[in-house]
Amino acid sequence: MDVNPTLLFLKIPAQNAISTTFPYTGDPPYSHGTGTGYTMDTVNRTHQYSEKGKWKTNTETGAPQLNPIDGPLPEDNEPSGYAQTDCVLEAVAFLEESHPGIFENSCLETMEVIQQTRVDKLTQGRQTYDWTLNRNQPAATALANTIEVFRSNGLTANESGRLIDLLRDVMDSMDKEEMEITTHFQRKRRVRDNMTKKMVTQRTIGKKKQRLNKRSYLIRALTLNTMTKDAERGKLKRRAIATPGMQIRGFVYFVETLARSICEKLEQSGLPVGGNEKKAKLANVVRKMMTNSQDTELSFTITGDNTKWNENQNPRMFLAMITYITRNQPEWFRNVLSIAPIMFSNKMARLGKGYMFESKSMKLRTQIPAEMLANIDLKYFNESTRKKIEKIRPLLIDGTASLSPGMMMGMFNMLSTVLGVSILNLGQKRYTKTTYWWDGLQSSDDFALIVNAPNHEGIQAGVDRFYRTCKLVGINMSKKKSYINRTGTFEFTSFFYRYGFVANFSMELPSFGVSGINESADMSIGVTVIKNNMINNDLGPATAQMALQLFIKDYRYTYRCHRGDTQIQTRRSFELKKLWEQTRSKAGLLVSDGGPNLYNIRNLHIPEVCLKWELMDEDYQGRLCNPLNPFVSHKEIESVNNAVVMPAHGPAKSMEYDAVATTHSWIPKRNRSILNTNQRGILEDEQMYQKCCNLFEKFFPSSSYRRPVGISSMVEAMVSRARIDARIDFESGRIKKEEFAEIMKICSTIEELRRQK
C-alpha cells in the first residue's frame, strides 16, 4: 500500500511536524574492545575539575584522595567541583522552609521501607561487579556469591532475609582482618581422544580458596567496575559507566529511596515519574509561570545543559545533605544513610580489561592488563595514551584508580535532583528580594529554567544569579550548550514543549518492527507497540493502520510465513502451502503459519491466538496449544511478559505484552560453548538459584505470598506450607488418607536431613 507523503501534512500544526526531522535511522553505535581508555579519561577529567582541592592519603587502603569541598570560589566560566558546604546546606534548608515537613515525612516513609525490604531487592538489575571473582556477573549471581562468602566467614546476620541485616554484615566485613573467598579457575591439559586418537585440550574447572587481607578486601568492596556505554547516538566519543559491587548497592538503594520520596513531593522534579504523568507535572510549572507573568512582565525559558554533572558532584556534599535532611531522626537511620556517600568518597574505579597490542609483522597479539599499567614502559603507547597513563599513575593501586571526587554515571540520580531543585526553589521573589524571579524543572542533570522579569535587563540579571548560585554547589551550567527562548518553546528530557508538550512520535520509531524473540512474542510485541503509540504518542488511525500493514509485511519476511495462497517462494512455502490446503477454516491459521492477518486498529489488544481461536480447525487447535509437543521447550508463560524496546533516545524501556503459550513460543537453546569455560560453575550456581526460586513460588502463589517476616529459611517455610495445605486438602476430601500420610512423611524426612546437615 503506497501513501502519498504530502497527504500526511494536511491540517497538521507546525509543531507536530517535529517527527519528520528524525535523524536516527539504522543501528546505534556499539563499543568494541576495552573501556580502559574511557575510564582513564573520566578519572583524569574528574581530578582536573577539582585540582585545587586538598590531597590526603586514605589510612586503610593507602589511596591518595583529592577533596575539593570548600575549595576556591571560581574566577572564570570553566567547570569546577568546588561546592561550598554552607551554601548547599542553606539551599536545602530553604527547600524545607518552602515545603514544611517534607524531610520529616520522607524519613518516616524510608524507615518503613528499610524495615520491610528483603535481600532479594538486590537481585534486580543487570551486570554487577562481583568482588569475589573480580569481574561482572548478573546481579542475582553476584548477590548469591557475596552471601555465600559472608556466611563462610562467619557473617550470618543476612540469614534473616532482610536487606538491613545484610548491610550489617557488610559493615562487619570491613572490620575483619581477613576474608576467605572461593575463586573459579580453569585447568587445561592435553589428552589423547580415545575415538579419534588426536590430541585435544581438556578443560576442567577448579575452585580454590584465597585469603584477602583487610586492605585488599576494602579495595574490592569500594570498587566500581567500569564498562563502555553502548548505543549512544549523536556522540563521536564513547564514555565509561560504572557498576558498583554488592557492598555499595544496598546502601545506595536506601539513600535513593529517601531521595525518591522527597522528589515525589517536589513539583519541579522530573523524577521519579515518567511518560504522561511527567508531562502533566511539568506543564503545571510552565502554566504557573505563564499565568503569573502579568502583561507587564517578560518570561523566558532556558533549555539547559550542565557540563559534566557527575564529575563535578561530590559525595561529601551528599553526605552533608543527608546529615541535614535526617537531623532529627534516630541514630541508626542516620548511620545507615550516611554510609553510601562515605563509601563513594573512598571509591576506586576499576580500569577494565587493559590494552590489546598486536604486532602486524609477527602476527602476535597480547593483552596488557590494567594491573600492569602502573609500571610498564610507556614507549609502547601512542602520545595520547601515554599522557593519560602518566596522569593516572599516582592514583593506581592493584589495577584500580583512586577516585574520591565525582559520582560516576547514574548513581545518585534522585539525590542530585533534590540538590538541583533546591537551587530552583531559591528563585522565589521572597528569596531573590528583587524584581526578577525564577522557577523550573530538574531531572537528574537535565534542567529547564523559566525566568520572569519586568524587562530584558532583569531577565539577564536573573540568569546570571542562577548561574552563580549553581556554581556554589558544584553545578556548572554550560553557557555554550544552553539556549534561551520566549517561554512557550523549550525542550526538557527529550520532551518538546510548544504551548503544551508535542508528541514526538519519531522517538519511538526504532521500537517498531520485529523483535526477533520468537514468532509468538514478536507478533504480540509488534501490535502492542502500535497500540501504545496510539494511546500515548498521537499516532493517528490512518498512520496506525499503515504501521500495522508494514509490520505484518516485515513479520512475514522475517519468519518466511507468507500467506498459503501466495506466489512467493521461500524455504517454508512448501510446508505452509500444504497446511493451507488441508485447513478447512483458513482464517483460523496464525500469520506465522501462513494465515491471513485479522488485526486492525480496533482489536490490537487481543492476542492473536484468542482472536482466531473460534475460527480454528479442531485438530489445528490441538497441535497449536499442546504442552507435550517435544519440539518446544516450554517456559511456564505467565499471562503477561516483558519485552525490552529501544526508543531513539534514553534507556531501553520495558514494555508489557500479553503472552499466550503456544508451540510458537519456542526458546532458543543456550550456546554450548559456555559449558566448557570457567563460567560453567557460575552457570550451574545460577540455575540452582533459579530452581530454588521457582520451587518457592510454587508453594507460595503470588496471591497468598506475603513476604516472610520471621527468620525461617525458605525450606522451613515451604515445609510448613506443605503441611498446612495437605491438612486442608485432606479434611475437605480432595486427597486420600494414604496421600496425606505420604506428604507428612516427606516433610519429616526433609526436616531430619536439615538437622543432620
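Quick reminder: no glycine exception, Cβ is built from N, Cα and C everywhere.
If you look up Swiss-Prot, you'll see 50-71 marked as region 'Disordered'. Within its own chain, the region 'Disordered' (50-71) is flanked in space by residues 80-85, 214-215, 218-219, 222, 312, 314, 316-317, 345-346, 348, 394-395, 397, 402, 404-406, which lie at least six positions past its ends and keep a Cβ under 8 Å from the stretch.
In terms of DSSP helix, strand and coil, the motif 'Nuclear localization signal' (187-195) has 0 helix, 6 strand, 3 coil. The annotation motif 'Nuclear localization signal' is assigned in Swiss-Prot to 187-195 (among others).
On the 0 to 100 pLDDT scale, the motif 'Nuclear localization signal' (203-216) averages 89 in the predicted structure. Sequence annotations record features per position, and here Swiss-Prot assigns motif 'Nuclear localization signal' to 203-216 (among others).
Residues annotated as region 'Promoter-binding site' in Swiss-Prot: 249-256.
The domain 'RdRp catalytic' feature in Swiss-Prot is assigned to 286-483.
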Same-chain residue ranges lying at least 6 outside the motif 'Nuclear localization signal' (187-195) that approach it to Cβ under 8 Å:
201-206
When DSSP states are grouped into helix, strand and coil, how many residues of the motif 'Nuclear localization signal' (203-216) land in each?
3 helix, 11 strand, 0 coil
